[in-house]
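*Asks:* Annotated transmembrane segment per TrEMBL: 43-62, 74-92, 99-116, 146-169, 190-209, 215-235, 332-355, 367-389, 409-429, 449-469, 490-510, 535-557, in sequence order.
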Amino acid sequence: MDEKQSLIVSDAVDYKGFPVNRSKTGGWVPAALIVGIELCERLSTMGIAVNLVTYLVGTLHLPSATSANIVTDFMGTCFLLCLLVGFLADSFLGRYKTIAIFASIQTLGTGTLAVITKLPQLHPPPCDPSASQNCKQANGFQMGMIYLPLYLIALGTGGLKSSVSGFGTDQFDEKNDKEKAQMAYFFNRFFLFVSSGTLLAVTVLVYLQDEVGRSWAYGICSVSMFTAVLIFLCGTKRYRYKKSMGSPIVHIFQVIVAAINKRKMELPHNDAMLYEDPAATSTVDHTNQFQLLDKAAIVAEGDFEKSVSSAHNPWKLCSVTRVEEVKMMTRLLPIWATTIIFWTTYAQMITFSVVQASTMERSLGAFQIPAGSLTVFFVAAILITLTFYDRLVMPLWKKWKGQPGFTNLQKIAIGLILSTLGMAAAALVEMKRLSVAKAVGRSTATLPLSVFLLIPQFFLVGSAEAFIYTGQLDFFITQSPKGMKSLSTGLFLTTLSLGFFLSSFLVAVVKRVTGSKDGQGWLADNINYARLDCFYGLLATLSAINFVAFLVCAIWYKPQKPKQVQAMETTTNEGSAAEKC
């Protein structure tokens, strides 16, 4: 009987809603099916994003700064939608349905983009780059037809990003030592799949876009995502599904409203006098931070419904556990805020760095490297860093410190340092590129300077992403309450969104402050006349200041974990992924 009971995963059900058998569900196989969707999403989104700026400049004849902002706004919207869709996943749809629905939307978006880029009526007439001043820019209708599929893809990406990682971790039971150890490796391997999709995007897909045709490349994206959806649905019977715990956003607002309404009440001297739900299977210990929120747990007259025995009104009275869960989410915010700037530096790798590459010598024998494919060094840095960390650092760190690798906050710190160095390297390389442009003539289409000089900035920022992405993902999933995983994943992904939007904002401000009526300035329409090195230097300075702020927030942060209150499980289930920090 005990052996049979040990095979049951306590907080998960199967696709019919029945308790799940550990031996028949979950684990690496279902997790791999889920991650396959993410691989195809990266193939589509990054395959479009990294080479979109060349399409906007070369085919739609838009200025480079405008094109860069269109790309960063598109990427920012992708990740901003994660928060909204994360709310829908936690509250109504569940992660499984969210993935299936929004993967289908992404399939539709890439298919539509393939058709639109094929039709000559939907872009301006071809133009000789040497006579760019006479080129006709895309009109409002043509731009609208490009925006339509782009933002369908953004909606699909938002839905997938909010739920794929959370649904993947649902396949492992934190209360089981073996599966908990497997989950520690899941984040690195998840990101390895993500990077593999990006690698295919920036090599094979970008090459197809430039040499075969964009419509063919985007059509391949659509077909691959459709295939991934079918494979994902095949695993329906093997997945573990976590029970919905209600809307996390509603729970947060309930605590805030109750605390505000009781703001004039005095907190009791004894914490035990604060209300706790007697039916809760797990609780969170009371902490002294954010004491204003504690007032939501003060029992007052009228907090309990008169018509229902012992039922309390959640808008008037919240349990200590509910209050502490809101505190847990609040503690994430300083770390959240200090990781935004990294994604602003990341944005330069798929915008201005690609424009830089288009002006440099890209020949490799008889082969001409597509400008967008330079991001292969970015992805290669991610894969090399992850492999080095997984195979060498983690085993050595476990022997030396007894821990399976760096903590999530340590990973983020390493990433912030590397990204700052990456922007400094980018500024130095751009100074060299501009000196060559000045010597041979700024109107020269291809400068006699090897494009491989851009490798250091791609490599440093790529290695930074390997640490920051895995560190952020681990931090936001393991340090959030159980019922708010999709919401916290969405919160993490808003750092990407805000980083891209911050890039658009900085570009607009710098262009306005340093620009002139004839299109010159730091971000001139022709980057050979620009001072992109100054812009990169500005980002390096902001990144250094941000790193200091992150260190302060990381020292301030204190993790918290729930505890089981069931008598049989109190001693065995007290462990939590929060111990990783």
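All residue numbers here begin at 1 and follow the chain in the order shown.
Glycine is treated like the rest: Cβ placed from N, Cα and C.
Annotations in TrEMBL come from automatic prediction, not curation.
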*Asks:* Tell me, please, if the transmembrane segment (332-355) and the transmembrane segment (146-169) are in contact, taking contact as 3+ Cβ pairs under 8 Å between residues separated by 6 or more positions?
*Replies:* no
*Asks:* Per the definition of 3+ C-beta pairs under 8 A with sequence separation of 6 or more, do the transmembrane segment (74-92) and the transmembrane segment (449-469) touch?
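*Replies:* The transmembrane segment (449-469) and the transmembrane segment (74-92): touching, no.
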*Asks:* What residues in the same chain, six or more past the boundaries of the transmembrane segment (535-557), come closer than 8 Å to it by Cβ-Cβ distance?
*Replies:* 331, 334-335, 337-339, 341-342, 344-345, 348, 352, 409, 412-413, 416-417, 419-420, 423-424, 426-427, 430, 506, 510, 522-523, 581
*Asks:* Can we call the transmembrane segment (449-469) and the transmembrane segment (215-235) in contact, meaning three or more C-beta pairs below 8 angstroms at a sequence separation of 6+?
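*Replies:* Not in contact, no.
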